[in-house]
């Protein structure tokens, strides 16, 4: 792991807490690498900007005067979100989630990097099975993948997602 080597021999070894980081933080990170939590964290970090970009236009359409009106009646921030913002932007959030699902479904690079037993994604399984020569299983898994994309696309179109302007 490059961080471990940098803390031991590299430029990070000059930090006063380098030994503590190596002994505590790096060991904990190694233990987390082969868990489903690491896959969730990696996908969250990689796709957060894209997801926020998709929902930002939906959230901008909710006028601030509606939130101010709810605030003036004594609603808390959680109540404003639950009773004003989310109901008004529900379909935009669902459409954004479905578009993200369609992109996630065919993405494999993040899953391949974190591939370990118990943390496989469909994309990483396709790559590892292809490398192992199991073409028939790859074909079946690809069909399931295409079926999931078609179902997701059908739901997205049902909610009014436009593919072309």
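For all residues, glycine too, the Cβ spot is worked out from N, Cα and C.
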May I ask you to indicate which of 62-86, 137-161 is given in TrEMBL as transmembrane segment?
137-161
Considering only Cβ pairs under 8 Å, which range in 31-50, 88-104, 137-161 makes the most contacts with the transmembrane segment (111-131)?
31-50
Tertiary contacts of the transmembrane segment (88-104) (same chain, 6+ residues out, Cβ under 8 Å):
43, 47, 50-51, 54-55, 57-59, 61-62, 66, 149, 152-153, 155-156, 159-161
